[in-house]
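The annotation repeat 'PPR' is assigned in TrEMBL to 86-120, 156-186, 187-221, 252-286, 314-348, 415-449.
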Amino acid sequence: MLLCVNTNRPWSSIPPTLVLLQKCKTRNDVNQVHARMITTGLINNTRLSTKIILTFISSPHTPLVEFARHVFFTHHAFQTRLEEEDPFLWNAVIKSYSHGSDPKQALVMFCLMLENGVCVDEFSFSLVLKACGRLGMVKEGLQIHGLLKKMEVGSDLYLQNSLMSWYLRCGSIEFARQLFDKMPKRDSVSYNLMIDGYVKSGMIELASELFDCMPTEDKNLVTWNSMLSGYARLDNGLNIAWRLFEIMPERDLVSWNTMINGCVKVRKVEDAHSLFNRMPKRDIVSWANLIDGYSKLGNIDLARSLFDKMPDRDVIACNAMMTGYVSNGYYMEALEIFWQMQKGDMSPDVATLLIVLSAVSQLGHIEKGVAIHCYIEENEFSLGGKLGVALIDMYAKCGSIENALTVFEDTEERNVDHWNAMIGGFAIHGLGAMAFSLLMEMERLSVKPDDITFIGALNACGHAGLVKEGLMCFELMRRVHKLEPKMQHYGCIVDILGRAGHIEEARSFIEEMPVKPNDVVWRTLLGACKTHKKFNIGEPIAKSLIRQDSCDPSFYVLLSNMYAGLGLWDDVRKVRMMMRERNVKKLPGCSKIEIEGVVHEFLVQDKSHPQVRDIYSMLNGLWSSNSEVTCCR
């Protein structure tokens, strides 16, 4: 930034300095202005420094906020008799922390005021309570509650509502209700806070009781919308939501969108569309909800038609359409929207990137994945959350375990999900030893694993034939981390033992399981019996399962394959005949191939592909050529 000094408006004047500061966007810009203010002595002007604090403390530009704080601490805090100091400027600075990215500093400043005798008022308390609520700080909030009881402002209605809001944010709904019941006076904010707290906690009946006893004059749109949202969330509450919606004294966009979303949730998309058509005014959320509804029904063409008709689009609408494409298997179409967003003036957010990484993972198209990774780096997105996890998963599924490991190692703020994604990636590539080693590294660094961690590690051990390590993982989960094994964990152990040929041990393990094994566990054992030709164990199990669940085709197929492996063709025919008599159909196998960015899907004995004749002609040609070569030999 180039500073230009106007000789008609000298640096000793306040207005041009403020105007110049408003143009500052970077730390370097602010430093230049600050340096000039110091050399001219203007920084010592109390009136200017006060205006700087009040004007820029809530700026969207971080350098200006930091400068306002610096001016406050350097030229205002502790410069007068503190017991007489008006807390107005202090509150402004506290608000910048409590509403900003570092709410903990609001509590630090509040403590600083108390320690130095600075007067605190109801706004000081409400701001620090908001900070405690955002951070879920229970102990500190209770201390503030105790301090409020000792001060005259403690019974102030505004502060009582702030205190109740803090309790609700911390999940202490019972304490919030106790405070509510003891309040000498309540207003609509008090009722709305408590009703909203009940709704968000799923306690719709208690919310309804409070709604019914709430004075009619205190009920407003917020109240009605809270109740509407509560019932619309329930699987069986849509009818009640409809009745509330019809008797509401007034409605706004939130009311209409809540009902549309409620209808979409229970797949009543036609009702949602009817509401959409009745709306006096629509916003992007209205369109996005309807697009989401049709996508969930698999009607992707109608969803796209709505998307194309939208008068305005934002990231939310694009994400809804992309999610619809991905969930219905149209991965290239989802990526196309992403590229269009980049070409336009729309900035993709983290949710967008998670969707496109999922699409790339399904396609296995690593070049597109690398391009998205470059976009993430260029736009300085953090990999400490879900985005880093998705990136590791994408590289692993696209076949580049090296890139996945690089992302994992370069991510500084890793959580258990990052470790899980990397262990899962090793499992996909059959690198059981590396997955087990990574689990041991988690132990060394005291990173607490979860049940997903052990599913990944057990799968990896199974694919690599690491029986001893797999059993160690299982015991580590149960005995050290006290995690109760789920059906997937038991299934993994059966798979580990079965792959290694320990069929008797696998069967004994199933018999000793504290939970009833599901069909996946039994299929795993039967598959191992087929592979290792343990017909004497597999046949009675398969016959028993067929009697218990005559509709599952997998048991029939496994038994048939076992017979075929032994050359017992009469028994194979009997099983196939049984399947036909009981109308049990085997799910066809499916293959996918990508050619020039287009994914082609083929099912067994499927002739629906538009180029099926050319494909079979080519295959017949290859078969003929292969036969000729065989004959020549």
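Note: Cβ is positioned from N, Cα and C throughout, glycine not excepted.
The list of residues near the repeat 'PPR' (252-286) in space but at least 6 beyond its ends in sequence, with Cβ under 8 angstroms from a Cβ of it, reads 221, 224-225, 228-229, 231-233, 235, 238, 241-242, 245, 292-294, 296-297, 299, 310, 312-314, 316-317. Using a Cβ-Cβ cut-off under 8 Å and counting only residues 6 or more beyond its ends in the same chain, the repeat 'PPR' (314-348) has close neighbours at 284-285, 287-289, 291-292, 294-296, 298, 300, 303-304, 307, 355-356, 358-360, 362-363, 368, 372, 375, 379, 597-599. Using DSSP to sort the residues of the repeat 'PPR' (314-348) gives these counts of helix, strand and coil: 26 helix, 0 strand, 9 coil. Distant neighbours of the repeat 'PPR' (86-120): 50, 53-54, 57-58, 65, 68-69, 72, 76-78, 127-128, 130-132, 134-135, 137, 140; these residues of the same chain sit at least 6 beyond its ends, with a Cβ under 8 Å from one of its Cβ atoms. Among residues of the same chain six or more beyond the repeat 'PPR' (415-449), those with a C-beta under 8 A of the stretch's C-beta atoms are 384-386, 388-390, 392-393, 395-397, 401, 404-405, 408, 456-457, 459-466, 469, 473, 476-477, 481, 483. Broken down by DSSP into helix, strand and coil, the repeat 'PPR' (86-120) contains 23 helix, 0 strand, 12 coil.
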